[in-house]
Structures are given as structure tokens and as C-alpha cells.
Amino acid sequence: MAAEGPRDFGHVPVLARRCVELLTPALTRRHPDGSGAVLVDATLGAGGHAEWFLRELPGLRLIGLDRDPGALDIARDRLAPFAERIALVRTRYDGLAAALAEFSYGAAESIDGVLFDLGVSSMQLDRAARGFAYAKDAPLDMRMDPDLPRTAADILNTYDEAALVDILHRYGEERFARRIAGRIVRQRAHTPFTSTAELVAVVYQSIPAAARRTGGHPAKRTFQALRIAVNEELDSLRSALPAAMAALCVGGRIVVMAYQSLEDRIVKRVFADAVASRTPIGLPIELPGHGPRFRSLTHGAERADAAEMESNPRSTAVRLRALQRIDHEAEPRRATGKGDS
Ligand SMILES: C[S@@+](CC[C@H](N)C(=O)[O-])C[C@H]1O[C@@H](n2cnc3c(N)ncnc32)[C@H](O)[C@@H]1O
């Protein structure tokens, strides 16, 4: 393993060594340098994790997916030294099966490893014009893919109050959803929302002073909720995970890193079902003795250690879970140890 990690491109990859450690056994089964193996990075971003893998395993081929064309441009530049071994595709990750078909990996069981590093990248947060960050005044956009038809401002200015309450409650777990939605509707009757600062001000006024002092920035949950609604993030994840797992060959591995509880809950449930069940992925019926089987590679969710949290604040929220696809007939071996975190 290399002593030093790859360069910093503004987004420092989280738990990069652990991801390499977890996926390498699946990627080196044919050859120690990864020759003949294919890794799908379903959330390529700035290519930080991808660069780690391509450096560590000089024979590995990588297919990188991202819905954000700006991220793909950055990754293409960063990964130029490995151009012969990579293919980058602009797609939502639930389009994974179609993307793989483009490269003749259409059949199930053709991929050795899959990595998901969910959420937004530091570049997306830092690029104020994208409107993801409550700390920067910017147009209320929040689209990861600029071709999406609906911005955060569109939602705020056109959805009825009940729909706004639902979004804030469901995707932000915001206990003051009703108060915030009510104030949004009253304010937009005079002046439609255009900027993040206007939304931050409304959230701030809607939350009682005592509650504003706890639980981080008062607008954090509202921004998360809108981002999830604009980008349909949870639906995309719900269908992407089974597709990714169905693409894995026997012995193949999947690692998923989530940074907020809604996404982690989906990962936890899909993985638990996969370990417990013999149901063929994607089929609504139980066929005993058939279908892919999985074992857990992690004890509950893994976290970053204190040193990484200090050097890379983004890592403080991470929850990493990993599975290995096992032989159809083998008994699943569950991770033992402490309960889930
Ligand atoms: C946390 S970043 C990945 C960072 C990357 N691992 C690195 O080290 O540079 C997540 C990326 O996933 C992308 N993304 C989020 N949701 C997506 C989806 N549904 N389909 C495809 N890409 C998505 C975002 O555009 C972003 O670039």
C-alpha cells in the first residue's frame, strides 16, 4: 500500500484506506495488480477514491458514474494519467445497469467491486452558485445535475404548504416543519424566494430561540430536505443498491458510505435483507436456494477515527457498511460483535 495518499483536489476522500482495504480482496482475485477486475465508482465526484484505487492496483479498470457534469470534468482531469483504464459516465447511479451495458458488462455478476460515497462533494458545497450551502448567499438552485427541471426555488415558490411540510418533515426530520412551511408560504406571497440567504432568514425566524442554540445550524435540516427533494436522492439510492448488488460476481464486494441517517437507514435495511434472504435481488418473490447471497464485512456501521475527523471534518458524519457476495450454496457468515451503531 502506498505510504502517501493521492493529491488533494479540494475534496478529501473519506475512509479511503479502509475502502481500499475492504474492496482489494475482490479486485485482486485474478491477479495481485487488479488485472481483469472491474470496479464501479458510482459516485465519482472529484475522483478522489478512484485515484486511490487506480494507483494501488495498476491493472484495475474503473467505471466512474456521476450525475454532475462538473464533477466528471474535474475527475477526468485528475484521472488523466489512468485514461486507458477508466470509463466515465454521466448518469444517476440508479442508471448503473444501463451504464454497465454500454461497456458490455450488461450481464449480472460481471463486476468485482462497487463503491458509493453518497451526498454532495466539497466542491459542490464550495461552489456558492450551486446553492447547496446555507453558509453562502447564492441562488436557490441545489441541482446536482443542471439539466434537472426543478430547482429548490421552484419547490419553495410553487409547492402547497402541506407538500412543503412533508418535505421538511420527511427529508429533514425537522420538528418545526409546520412553522417553517407556514412562514415560507406567507413570505412568498409578497416576494418569491430567489436566494439561500432569504431561506436561511425565514428558517431562523421560524425556530424558537432556545431550539436555535442546539443541533447545529438552524437551516441545516431544511437545506438537506430541499436538496434531497430536488435531486430525488433517496429514490435513486433505493433502486441503485439492488442494481449494484445484482451486478456483483460471486466474491464481489460493495462498500457504501452515508453521511446522514435517512440514507444510512436505507443502506442498513437493504444490506440486512440481502444477508438474511435468498430472494433474487430485484425480484419480489422468494425462491429458496436461488439468487445472490451476501455476508456482511462490517460490524454495524464503521466510523472515521478521531485523527481523520480532525483533519477532514466531512468524515465526522460518515457511516460505512460493506457486503461480499458469496456462493449461492454457501451459508451466509454474519459479522459478529457489537450491535449496530
Ligand atoms: C461525496 S461525492 C464523491 C466524492 C468522491 N468519492 C471523491 O473522493 O472525490 C458524491 C458525488 O456523488 C454524486 N451523486 C450524488 N447523487 C448521485 C446520484 N443519484 N447519481 C449519480 N451521482 C450522484 C454527486 O454529484 C457527487 O459528485
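Cβ coordinates are placed from backbone N, Cα and C, and glycine is handled just like the others.
Keep in mind it's a predicted model, so treat the numbers as computed, not measured.
TrEMBL has this to say about the protein:
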- Gly47, Gly48, His49, Asp66, Tyr93, Asp117, Gln124: S-adenosyl-L-methionine binding site (BINDING)
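Of the residues the record lists as binding S-adenosyl-L-methionine, namely Gly47, Gly48, His49, Asp66, Tyr93, Asp117, Gln124, the two whose Cα atoms sit farthest apart are 18 Å from each other.
With a cut-off of 8 Å between CB atoms and residues at least 6 apart in sequence, the same chain places Thr43, Leu44, Gly45, Leu72, Ala75, Leu88, Arg90, Thr91 near Asp66 (S-adenosyl-L-methionine binding site), listed in sequence order. Cβ neighbour density within 10 Å is lowest for Gly48 among the binding-site residues Gly47, Gly48.
Asp117 (S-adenosyl-L-methionine binding site) has a Cβ environment of 26 other Cβ atoms inside 10 Å. Under the three-state DSSP scheme, Asp66 (S-adenosyl-L-methionine binding site) falls in the strand class. DSSP gives Gln124 (S-adenosyl-L-methionine binding site) a helix state. Remark: Gln124 (S-adenosyl-L-methionine binding site) has Asp68, Gly70, Ala71, Arg130, Phe132, Met144 as non-local neighbours, by Cβ distance under 8 Å and separation of at least 6 in sequence. Looking at His49, Tyr93, the binding-site residues in this record, the fewest other C-beta atoms within 10 angstroms of the C-beta turn up around Tyr93. In the three-state DSSP scheme, Gly48 (S-adenosyl-L-methionine binding site) is classed as helix.
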